[in-house]
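Trainee: Straight from Swiss-Prot, here's the annotation block:
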- 11-25: motif 'GSX(10)DXD motif' (MOTIF)
- Asp23, Asp25: Mg(2+) 2 binding site (BINDING)
- Asp23, Asp25, Asp48: Mg(2+) 1 binding site (BINDING)
Amino acid sequence: MSKVFGILLYGSYAKNEYTKRSDIDICLVGVDRNTYLEILGKLGNKYDIKIFEELPLYIKMEIIKNHKVIFGDELELSEHFYKFRKIWRDMEKRIRENQFNSVREKVMLRRRFNAKKEEILG
């Protein structure tokens with residue numbers, strides 16, 4: 001196990017909101033691709049296993065906020081997550097400002113954009 005910095009449970013099981021249909025989400029922190037594939041081969045389809053460092057930032061933040069440590073030192077993991085929390089703080093406002101209120105709004109703006117693009121480019 002020393003090839004893995006941390007193993008976290010996240011998602012519905014970590015929040016204690018799981019149902020019969022819920023999968024078990026496991027996140028490997030500080031693991032190389034070969035070790036990941038080795039673990040995946042041993043566990044098969046029992047778990048949904050992801051590499052923390054390869055996930056989108058918003059999912060990383062959800063994991064940081066709502067996880068349970070299966071393996072690893074909580075303090076060391078917290079220190080490891082510091083840089084991701086800092087990046088999120090720096091980007092959160094821009095990310096939130098670029099969200100749409102609804103799918104309808106997104107589609108409407110996309111159509112307006114495409115119409116303008118067509119008008120300009122011909």
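Any Cβ shown, glycine's included, is placed from N, Cα and C.
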Trainee: Where does the mean pLDDT land for the motif 'GSX(10)DXD motif' (11-25)?
Mentor: 95
Trainee: With a radius of 8 angstroms around the mean position of the C-beta atoms of Asp23, Asp25, Asp48, what other residues of the same chain does the Mg(2+) 1 site pick up?
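Mentor: Leaving out the recorded residues gives Gly11, Ser22, Ile24, Ile26, Tyr47, Ile49.
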Trainee: What whole-number Å value do you get for the CA-CA distance of Asp48 (Mg(2+) 1 binding site) and Asp23 (Mg(2+) 2 binding site)?
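Mentor: Between the Cα atoms of Asp48 (Mg(2+) 1 binding site) and Asp23 (Mg(2+) 2 binding site), the distance comes to 7 Å.
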Trainee: Counting Cβ atoms within 10 Å across all protein chains shown, which of the binding-site residues Asp23, Asp25, Asp48 comes out on top?
Mentor: Asp25
Trainee: Mind checking how the motif 'GSX(10)DXD motif' (11-25) divides into helix, strand and coil residues in DSSP?
Mentor: 0 helix, 1 strand, 14 coil
Trainee: Per DSSP, Asp48 (Mg(2+) 1 binding site) is which: helix, strand or coil?
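Mentor: Reduced to three states, the DSSP call for Asp48 (Mg(2+) 1 binding site) is strand.
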